Amino acid sequence: MKSLYSPYSALTSRDGWRRMTAMSIPFPPSGSMPGTNPSLSSPVKLHTPMTPTATEAPESNISLSFNVPFSSNLAGPDVEDILHASPGAVERWLHPEGTPDGTPTHKLPVHSGNVEALRKLCREITESNKERSLEATVTVSEPKQIATLRRPKGLVTNVCLSGRVDVVGQIRGRVLREMPVAMKCATVDIDCNLVIDAATDAVRANVLEHLDIVAKYTGTDIFLLAPRQADPQTANASFNGGPDAGLDQRLRVAIYGDMESSEHAKTRVLIMIDQILKRTVDAMKLELSMHTLICGRSRKNIKLIESATNTAIYFPPPFPQVYGYTPPGATRRSEDEVFITGENPENIVQAKQKLHELVMGTKCYVKDAVVSPNKIDSILLERLEKVKKIMEANGSYVQFPPLGSQRGVVRVQGTEVLHVERTVREIMALAGQFYSATWWILLPDPNASNSFRAPSPSDIRAMLSDVCMNSGADVNFDKLTFSINGSDDSVKTALFVIHQIPFVNKAQYQMRVKIELANEHKEFVSGKKNGKINKIMSQSNVQIIFDGFNEYNFYIDVCGSQYKATTVGLDLVEQEMPASISFHVPDQYHKRIIGIGGQHIQRIMKKYSVFVKFSNAMDRGGIGREDDDIKVDNVICRTPARNAASLDLVKQEIMDMVEQVDADHVQETVHINRLYHRELITRMNEVEELEKKWNCKIVFPSTEMASDSITIAGPEYQVPQAVDEFLGMVPESHEILLPSSTELKEYFQSQEFQSEVHEPLKARYEVDLHINKGDQVEPDSGVERLLLTYTRNNAGGLKDAIDFLISRLVAHGLDATTIKGAIPRPKSDSFEESLPFFDSKLLQHAPPPLVTDSPTKPSFGPEENSGASIFERLRKPGSMSSISSFLDRRKHHTSSPGSFFRNGSSNGSKASLVSIESQNSAYRNPWNDSGVNLAEDDQHSWPTKAEGGKFPFSSNGGDITPRHDLRTSVDSGTAVRPSTASSSTGYPAPIGPPR
């Protein structure tokens, strides 16, 4: 039997699928000219140029206003932290001497230079297109901030173009591609011992020279910065020398530039670090469109290759030449060049061979999707990071047309049909986050034009710039018609600003707002027999039209002749759009939660008016698929946005039926030096065993990110154990230098030292003690070197272990004030000062605390030396000092893995593991937070009119319009709708665990 998607299966053009081999995919070959994309002229017609509509004659003149997204809020480094800067970097990213304090960031020379370069470009465009009557003007201003409106913050740079419609579109694309939009600062941390010469205590000259060469080659500005200043609160929480302190002692390489240039320079700096580590560097050519495919979902395949060959593989950015800007004199990284570093050439050859095998064994499926050209530009400018996450999660590749090209087709490529389909639907969901609107100014009859005064061209430019700068939307004006494109908030703000224009407000007009939504939600929004839509139209005096768009989405047109009525109707439509929340419940609980005939889940759905859908492994593609599918969100709750507050209640009731060991998937982030990630990856077998043992997923960051963060996700009650065991794989050490003496040397060699110090340190604190290990200390130097080694999960007891060690050595002639490397005890707020005013005899009889700083021991045994003073007792392990530091760590909630509530040790509390659904997007819609922007009053109330003088839209931060969850369109599992039969609300008592 032939596979449905085999090369010989009968696939029609309606399906939109084409199966291709890796060598026959019409994607851009390496070495293509910058700014061009050969795939756009391939035999498969990928993009079609925008054709004029009936209202736009080819020779008609229009005015278009848009903002150039300069990162004018990007500040330079602190001058006190700069150890070295590439030539010209200080002059560009720091204010000149004598600049008053409080000068805004957008007045930095680099940002002022970008604006001047834009003005120069617009002057050249105007002068070279005089015969075509094209004019380009630049306006720079800060938008007026109004409490009821969400407006752009900081300096806004606007360009207004006037000319023929076809020329204006081309010039807009040229401006966006030739300006350094989306500038960023990339940071690489580097250990001091790698770049500092011990003899001179300064950064080696060859390192600084190499950084300057990288800056010139990539067209970026590079700063070498001093280590971060430790936060006093965090420092106290991590004992002023805990595991985080080691990470904070690293130098920082800050790279400033546009997105592609900064990523290129960042990779070059990472390769420099590998070269300092005596690793071999090589490169290979690999088709760009195959990079994410061979990496696999969540880069699983690449991590396996790096684990097997002990190499590091650096892939280029997935969207080269999308923006098109290249700094003057810079060299762009080849889009198909992959760098590989390894311990020796043999390892690199093995890695290349494995990559070649992956490429030859990869099956590719390609699908084209139609997206509005304006929305493609908005996604490239505002949602590109989200697209990268979608590609990485699905192991797929998305090809966009160049920015501003006015082409409306996106190509998606993947190794499986399911992954391609998921990617397309998620891209369509991103497109639905942007609105478009049209505002027609009507003339009642031909003679009325004599009394109607149309605005002059200069008035139009000023008007459009004001609307665009105060809303953030792109606005064009043609034949008394406004066309607005942008995010939902920006479009609604633009309509509000247009409504305030006198000549618009006095004339008759019609307006239309277009909302894009997934086809599967059409019935959800319209209701049975279009009941919801008919009710909205009758109450708000608007017309609502459902218009098909493509295979995945449709348009909802809200039309009206009055601004207030239209905005009320739009608000009511948004209230009926789906808000959703998704989460994971193990498949074995699904039947028990649903109940016989769906009785249990029916009661929950009717109680909260929420639709609940379950999907199992078969619905997600069959049993035996990748492990990544095991813990995907498989329960989806959906309700109209006006009832979004009930989503969390439904989730809570469902999770109450699941055993605690499987309930509430959360994720914890641990910070481990990125260079040690390679050692952990080589022990991938142990990591996989740990994942199976605790039912968790451990995700390493990509090599190009140079991040220290490792994410561990799983059930809430098992993540702490997984984190603790994982950190047990990470060794740490702490060095103490003591002044040598004859008594100390004899004590170190005695059996008493072994029994009183060495063995208790290991038994109580899980710390090994090494004396004068190695050749770093001369025999006659008068210094004793003590090295404490432990694993990261036991770092919380390091301070107590040092205190225990010093207390034993003081009795043998050690002066505690001469120790180098001791960790000072953090001073409590006012606890210590208040103790002298109490009778110590009462405090001495207090029961010993049961809690301990050791993550592996429940207690420290019987109290010794009970006659000691209260301050000595405070410094003893297991005493009130330990409680104070424990509570202090919890109060500050440090992100240090060494603290108990973050490293997930056995002392971890449930309170420290904040549920992910309230902070991250894994359980909610990633851009809307499930549409919880609802009014405080009755959720089912219907407003009848907008309040005069008020902006009728919500002023809350974030995207307002609710959206369906991205995975809901893929899963097609058991769907249970609320029952119409009368039944009591609520649900039975929690169901027991599955048998």
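Going from the start of the chain as shown, residues are counted 1 onward.
A Cβ is built for glycine as well, from the same backbone N, Cα and C atoms used for every other residue.
Keep in mind that TrEMBL annotations are predicted by a computer and have not been checked by a curator.
Taken from TrEMBL, the feature compositional bias 'Low complexity' covers 895-909.
Feature annotation from TrEMBL assigns compositional bias 'Polar residues' to 969-986.
Using DSSP to sort the residues of the domain 'K Homology' (278-360) gives these counts of helix, strand and coil: 37 helix, 16 strand, 30 coil. Annotated domain 'K Homology' per TrEMBL: 278-360 (among others), in sequence order.
The predicted model assigns the domain 'K Homology' (577-659) a mean pLDDT of 84. Residues or ranges marked as domain 'K Homology' in TrEMBL: 577-659 (among others).
According to TrEMBL, the feature domain 'K Homology' maps to 664-731 (among others).
Per TrEMBL, the feature region 'Disordered' maps to 846-866 (among others).
The region 'Disordered' annotation in TrEMBL covers 883-912 (among others).
Marked as region 'Disordered' by TrEMBL: 924-995 (among others).
With helix defined as DSSP H, G or I and strand as E or B, the domain 'K Homology' (664-731) counts 32 helix, 18 strand, 18 coil. Taken residue by residue, the domain 'K Homology' (577-659) breaks down under DSSP into 37 helix, 16 strand, 30 coil.
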